[in-house]
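*Asks:* So that we are looking at the same thing, I have put the structure below in structure tokens.
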Amino acid sequence: MGTKLILIRHGETKWNKAGRFQGNKDIELNSAGRKQAEKLGKGLADEKIDAIYSSNLSRAYETAQILSQEHGLEVKSYSSLQEINFGVWEGLTFDEIMSEYEDEFRNWQSSSSNRPPQGESLEDVRERVVKKIKEIIANHREETIAIVAHGGVNKILLSTFLELPLDKSWRLMQSNTAVNILSFYEDDIILELLNSTAHLHD
């Protein structure tokens, strides 16, 4: 059977809607995000989930809390699952970043070891999140676990576990409350679902 990981992105926030880089800023769900989380919970209501984890940032934790109501589980949250620290870019839109920091942004995009000003590289993030995910999986052998995290974190995890180039992780789409499913076996990892938002359309 292996361990089944349901990897989820948080619901919408006002900064998502405005196209602003959130990073470590603790932005709560907006009303649309809470409705998305409720639909997520209903969509996964029939799934036998043994444990629920999340980033400790409000948007992820609140999404996980709403999901947990369908399963009667306590959410365990960790700072190590927080979104990429985008440094001085947090709170800015893509256009604003390109206007003020185009060279730095291109440099950051060019290599997974490069950092935004006062921020983290993709490799920095991978080091902290993969360590925590492996620890969680080791504690839940042959079980199903749900983890609610962030767009950037999820892309890094998917790229790492599927052995894709880390600096191409941005090619993976992660919509608000997207569901991804990975099954971890003794000697292999299988992707069963990617960026599903079917629960939002039922």
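Counting starts with 1 at the first residue shown.
Any Cβ shown, glycine's included, is placed from N, Cα and C.
Whatever TrEMBL says is automated annotation, not expert-curated.
Annotation comment: TrEMBL describes Arg9, His10, Gly11, Glu12, Thr13, Lys14, Trp15, Asn16, Arg59 as substrate binding site. Summarising the annotation, TrEMBL assigns active site, tele-phosphohistidine intermediate to His10. Among the features that TrEMBL reports, active site, proton donor/acceptor is placed at Glu83.
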*Asks:* Give the sequence-ordered list of residues that share a chain with Trp15 (substrate binding site), lie 6 or more positions from it, and have CB atoms under 8 Å from its CB.
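*Replies:* The list for Trp15 (substrate binding site) reads Phe21, Gln22, Lys25, Ile27, Gly91, given in order along the sequence.
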*Asks:* I want to verify one value. Collapsing DSSP to three states, which class is Trp15 (substrate binding site)?
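*Replies:* SS state of Trp15 (substrate binding site) = helix.
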*Asks:* Considering only the recorded positions His10, Gly11, Thr13, which fall within 10 Å of Glu83 (active site, proton donor/acceptor) when distances are taken between Cα atoms?
*Replies:* none
*Asks:* Listed substrate-binding residues Arg9, His10, Gly11, Glu12, Thr13, Lys14, Trp15, Asn16, Arg59 - what's their greatest C-alpha to C-alpha distance in Å?
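*Replies:* For the residues that bind substrate, the greatest Cα distance is 15 Å.
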